[in-house]
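As recorded in TrEMBL, the features of this protein are as follows:
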- A:2-237: domain 'PABS' (DOMAIN)
- A:31, A:106, A:137, A:138, A:162: S-methyl-5'-thioadenosine binding site (BINDING)
- A:62, A:86, A:155, A:156, A:157, A:158: spermidine binding site (BINDING)
- A:155: active site, proton acceptor (ACT_SITE)
């Protein structure tokens, strides 16, 4: 039997993966959730028809959204992860013994349950004693928090669907308030390549630039995501992503990774000319 | 009407582009050549069913294979391009007034003819007076050349089909001999992500490491290519790709680009941990 899952990158471009079997499918209160087993990418989490993560390359996304700020901020104790019900960001965070509290705000309890059952290699990290999961709307959760976190990671799917509110200026302002005076906010910032995503990417950057004094965008090669060229936003109240890197300190922690290393740190912030121009237009 | 072209990245992964129309299709003595007009990637050149280049992202490949060595070598006069019948590398090379001679060895005259007719935006550069096109086998051409070139760019499709001989140790040895004492050789080095390509990538690197004293691999984000994470090999007799970069000198030439800038130069050589490990295994 031939079975293929196609992730639509645009109306005119799609990436298709050969599927061995569908492991799970259900509609939650918020969205449709599927887990597929693919030939080349291992298990694949699909939400509302969009590829969220694959077993083969999720390490790239999760390492890059986590270790880049952790190698800069000298003393992270309290972290907030918005979205991230799959546990990938938390798996990277718990590698740091010095962290004291990790709050995860995932609106959809079914997503967490499904990930725990079908991708335990990733989701098992959610059992760490420092982790608290809030099944709440991220936008509402953040409104009531002030000067509480050293690091906020916005691991939101995309600017459509239930996560839409996580891409507004109001939301970024609330994140700013929820951060301590030397806090850092990281967001997944879409891809700069296809027109519609490039526009989202620009819009997000504009709103963050209007909220935080220090804002830089960095990149990673994530093969399963549209165009494979993925951006992240580094927004900060005090620490500069390059000038305040403590690569030696990070290496001394002995954290094991497969993509990130401080050796890469400057390079991931060196964006191609066309991406720089896209972002500069709104700075 | 729905028409899609699919580029097989592996037996189990494919990237599909919606096609407006097929502009050309023929079998040459060497291979099947198609030119398609796609919705999102503009014109697409397909050889033996494999995507060779797209109008939308070819600038990334061609800039990165050309400007990286040109920003390092202080005095390039004679260049050899092996493959490259589409003219993309030559279009970047002719931006340098100081170049005196560009030899292009493209085994298939039909490929050159088709590119001239259907993608003149790229191929028109082949009319530059410094360019000489040899419709010969690259492997045979290079055997008779000694200390002739400052830069050799191997713009070969892949290690299968008619270009197979361009991936052997004998071939790299002949390139070494065809280079002057301070010459540089650049090759497209496949992607490190999918298993089969990662193996090719490793094998190529091994053969080059055995031939040249200085060998470093660098990367670019090329969305239409498998995994979007593409590697290039920088092999050199004298100049080091990082220590001998002359970024200021390059900027002073006033060359216009959309991806490369010396600002990116160090970053593109900073490879992810898993790629470093893949290459280190054969060094």
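The backbone N, Cα and C atoms fix where each Cβ goes, and this holds for glycine too.
Note that TrEMBL annotation is computational and uncurated.
Everything TrEMBL records as a feature, shown here on the structure.
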residue	record	contacts (Cβ under 8 Å, 6+ apart)
A:62	spermidine binding site	A:88, A:89, A:91, A:92
A:86	spermidine binding site	A:45, A:52, A:53, A:111, A:115, A:119, A:122, A:123
A:106	S-methyl-5'-thioadenosine binding site	A:83, A:84, A:85, A:112, A:133, A:134, A:135
A:137	S-methyl-5'-thioadenosine binding site	A:105, A:107, A:165
A:155	spermidine binding site	A:65, A:81, A:82, A:83, A:84, A:88, A:89, A:188
TODO: Quick one: give me the count of other CB atoms within 10 A of the CB of residue A:31 (S-methyl-5'-thioadenosine binding site).
DONE: 19
Open item on the list: By the count of other Cβ atoms within 10 Å, pick out the sparsest of the binding-site residues A:138, A:157.
Closed with: A:157
- [ ] Would you mind checking how many other C-beta atoms are within 10 angstroms of the C-beta on residue A:156 (spermidine binding site)?
- [x] 20
Task: Rounded Cα-Cα span from residue A:156 (spermidine binding site) to residue A:138 (S-methyl-5'-thioadenosine binding site), Å - done: 10
Task: Residue pair residue A:156 (spermidine binding site), residue A:31 (S-methyl-5'-thioadenosine binding site) - Cα distance, angstrom, rounded - done: 14
